[in-house]
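Just below is one structure, and these are the notes that go with it.
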C-alpha cells in the first residue's frame, strides 16, 4: 500500500526527533491534509495519546471552570484574560494550565478579572504540527477586537499553553496596530515557538515560561515530563499579570 506524503512526513519528523536533528516547522497550509490523511497513522496516534495525558496528570485543589465565555456573554471587567488551551485539552480553557491560572489570578485580583477561552479551535495534533490552529488564532484575535469594542478601558492579557502558545503567536500577528495598546501582557507556557518575538509593541510585555527538559520548547514534538508541570507556574504568571493589571 502506497504511503501518503503526509504519513511519510510524520515518519521523517519522528526520525529527526529521535536523532536530535532540528527540523523545519510544518506549514499551516497542510493542517487539513494532516488531519484528513494521517489521523490513523502510528505517529499521529502516539502524539495524540501523549498530549491526552495532560488531562490525566493534573490534580487541582480548587476546580475552576474549564470553559469560560465571559466576553461572549457580554461581561466586562477591568482586566480580561483570553486563553488558548493545549493540545487534547477539554473545554476552552483546559485543566493543565487554564484552571490553575484562573485560581491564582482570582486570588490576586478578586472580582477584577473575566476570562474568555479561545473557541473554534480543535486543539488537535494536526493543528500543533502545523504550527498552531489558524481558526483558533483568528478567534483569539477576534476576541481582542470584541474586548476593545465591548469593554473600552479594560486591559487585555493573552495567554496560551503548548499549542495554545502557538495560537497566541499567530493571533498576535492578526491584531491591528490600533488595538495592540489594550494588550497589557502576554503569558505563554511550554511554547513550541520559544524565542520567537511577538510583533511590534506586543513584544514589550511577554512572560514565556519554559522548563528545562521540556522538548516542546525546543520545537520537538515530544510531550513528556516537564511539559505537564506548568500548573506550578500559575502563581508566577498571576504575579506578572497583577503587576500590569488595573
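Just so it is clear, glycine is given a Cβ too, placed from its N, Cα and C backbone atoms.
In TrEMBL, annotation is done automatically, which means it is predicted and not curated.
Annotated active site, nucleophile per TrEMBL: 162, in sequence order. For 214, the entry in TrEMBL reads active site. Feature annotation from TrEMBL assigns active site, proton donor/acceptor to 227. Taken from TrEMBL, the feature disulfide bond covers 76-151, 210-217. Annotated signal peptide per TrEMBL: 1-20, in sequence order.
For the pair residue 217 (disulfide bond) and residue 227 (active site, proton donor/acceptor), the Cα-Cα distance reads 9 Å. Ranking the disulfide-bonded residues 76, 210, 217 by C-beta neighbours within 10 Å puts 217 at the top. Within 10 Å of the Cα of residue 162 (active site, nucleophile), the following recorded positions from the list 76, 151, 227 place their own Cα: 227. Neighbour list (the residue listed as 'active site', Cβ cut-off 8 Å, at least 6 residues apart, same chain): 190, 225, 226, 227.
Recorded residues residue 151 (disulfide bond) and residue 210 (disulfide bond) have their alpha carbons 32 Å apart, per Cα-Cα distance. Cα to Cα, residue 76 (disulfide bond) and residue 210 (disulfide bond) are separated by 31 Å.
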